[in-house]
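Let me begin by presenting the structure, written as structure tokens, before commenting on it.
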């Protein structure tokens, strides 16, 4: 058994890294060829804690925003090219907030530059306050050179590895501490001019005679206005070069004229009470590298906390294997005993009294309340399940690569539309299983109800993004394209699936007949009641994806590259297996206690518990301070959407597992 476990782990370990598709051809440059530098949106970075000189955490007033800003937003006053041109992007890239434009930076292969003046910009005090707020919140700039993100070199002390962290700072913060009771200067100019006054600004290592409760933290935001660009290239000979890495070292320098370019000067602090003249400059350096084009992404794709992921997956895999072994052994033994007892014909007795789960044979296939809604949710859940499974699989084997921006969400949209056939087939099949009379209503509502509700919520979130002037606003053209894809592809396929299921699906052929009068359900133990069973079952389902959710949220909210799809695929398979086993087990023991109302219970127990824990996890993920009402609404709104979709997917898994289990066991008994 141990060999099987380790073999399974090894197989999935080979899927933990994606690879580039051969069809993505590299760009070869010659000496002097222009290398386009593109600018993308400004994004929030993952939470970090300020530290003093002794390495101790220092609390600050850092707030975090969960929406991005357009690079050429008027409040930033960045240098613009003569003609700003928006670059073509995929549907997924646009929906996830990418806004890529050309830039005034001039990069030519092997032509190094030193302190080139870019432009002079005047930043009003009102915009300076906005920029300072984003600097304190840890916003990053995102550039692209030859398809590679501009990065900063970073070191992971936990794995003791060097890697390239995508993006670089909009600015830096310097943490100072002030003694309460002393007047803190109201302007940045006064603050820096009095920096030598020890009564006002103290070193991070405070004297022992200063009481801690009198100390306050002040963050000084330094705005970046100089960029040291380092382009790594691979020499292929015969004056052929390929870009294999881009490093940007941002510098904050206060200048009074564009000619001065020392990096050792005073940092630039934007005054929030007056206009600020800012000179933007950049330098370019080319560095030869042995890295070949095919492996240039390896430096960017860094696994954070791999030991935690391996430990959690191995630990939970062992738990699932033990759980499945116990469940299958106990369940199969009990069923074998039950079936042998139920199918015995005692010729000496005129009457034979049923007991256990066989008592529900006349009610277990009874039509539940709101059968239309349940069938639609189950069918939509199956459609989402197949979309998620195939998307993760394609990414794990390398068919979807970070080389192509927005490719994964685009693939997910297309797969969801294509799987409309399967989703509607499942929905109509379940509705026939319930023997519902309004099959045409089911055919119409299945491709509209859940997608329409999600689309409406996204549009509402879009208005909040629009109010915040975020680059994450989905353009009307993209929304129209989604609707077009929906009605021209998904809806026709859904109608076809419903019609095929209505004519060919035989799920309405039940192994037992339904009694005219429903059997009364006796008192149930507390652990089998719906609410308690839901929370208990949800622990097992959520445990299989808890660790991966952290990395997914980090990628979703803080622009981190997520590529550990092998881990994610393994976790999703564990989620599917765990949800199925636990739901079947609870359904079986409920039937043994004559509770034949399994339809809604299997969906709720399989889905609601996991979604509740997922939503709680998303709330606990926000250890940081959310900046503003809009950020809170957006975070809660999108977390609610993710949790609801999780509920539908796992609920469908639980329902279908219970449905096929019940059909199997009741078709194996003889009912007189």
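Backbone N, Cα and C define each Cβ position, glycine as well.
Copied from Swiss-Prot, the annotated features are:
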type	residues	note
SIGNAL	1-18	signal peptide
TOPO_DOM	19-307	topological domain 'Extracellular'
TRANSMEM	308-328	transmembrane segment
TOPO_DOM	329-383	topological domain 'Cytoplasmic'
TRANSMEM	384-404	transmembrane segment
TOPO_DOM	405-410	topological domain 'Extracellular'
TRANSMEM	411-431	transmembrane segment
TOPO_DOM	432-447	topological domain 'Cytoplasmic'
TRANSMEM	448-468	transmembrane segment
TOPO_DOM	469-479	topological domain 'Extracellular'
TRANSMEM	480-500	transmembrane segment
TOPO_DOM	501-532	topological domain 'Cytoplasmic'
TRANSMEM	533-553	transmembrane segment
TOPO_DOM	554-565	topological domain 'Extracellular'
TRANSMEM	566-586	transmembrane segment
TOPO_DOM	587-601	topological domain 'Cytoplasmic'
TRANSMEM	602-622	transmembrane segment
TOPO_DOM	623-628	topological domain 'Extracellular'
TRANSMEM	629-649	transmembrane segment
TOPO_DOM	650-672	topological domain 'Cytoplasmic'
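Counting Cβ pairs closer than 8 Å and at least 6 residues apart in sequence, the transmembrane segment (480-500) and the transmembrane segment (448-468) reach three or more and so form a contact. Within its own chain, the transmembrane segment (448-468) has Cβ neighbours under 8 Å at 67, 376-377, 380, 474, 479, 482-483, 486, 490-491, 630, 633-634, 637-638, 640-641, 644-645, 648, counting only residues six or more beyond its boundaries. Cβ atoms under 8 Å from those of the transmembrane segment (566-586) belong to residues 12-17, 309, 313, 316-317, 320, 323-324, 327-328, 331, 385, 388-389, 392-393, 395-396, 528, 533, 537, 540-541, 543-545, 547-548, 552, 601-602, 605-606, 610, 650, 653-655, 657-658, 661 of the same chain, restricted to positions at least 6 beyond its ends. Beyond its flanks by at least six residues, the topological domain 'Cytoplasmic' (587-601) meets 331, 334, 356-357, 359-360, 363-364, 366, 368-371, 374, 434, 519, 521-522, 524-525, 528, 530, 533, 655, 658, 661-662 of its own chain at Cβ-Cβ distances under 8 Å. The DSSP breakdown of the topological domain 'Extracellular' (554-565) into helical (H, G, I), extended (E, B) and coil residues amounts to 6 helix, 0 strand, 6 coil. Across the range of the topological domain 'Cytoplasmic' (587-601), the DSSP-based residue counts are 9 helix, 0 strand, 6 coil.
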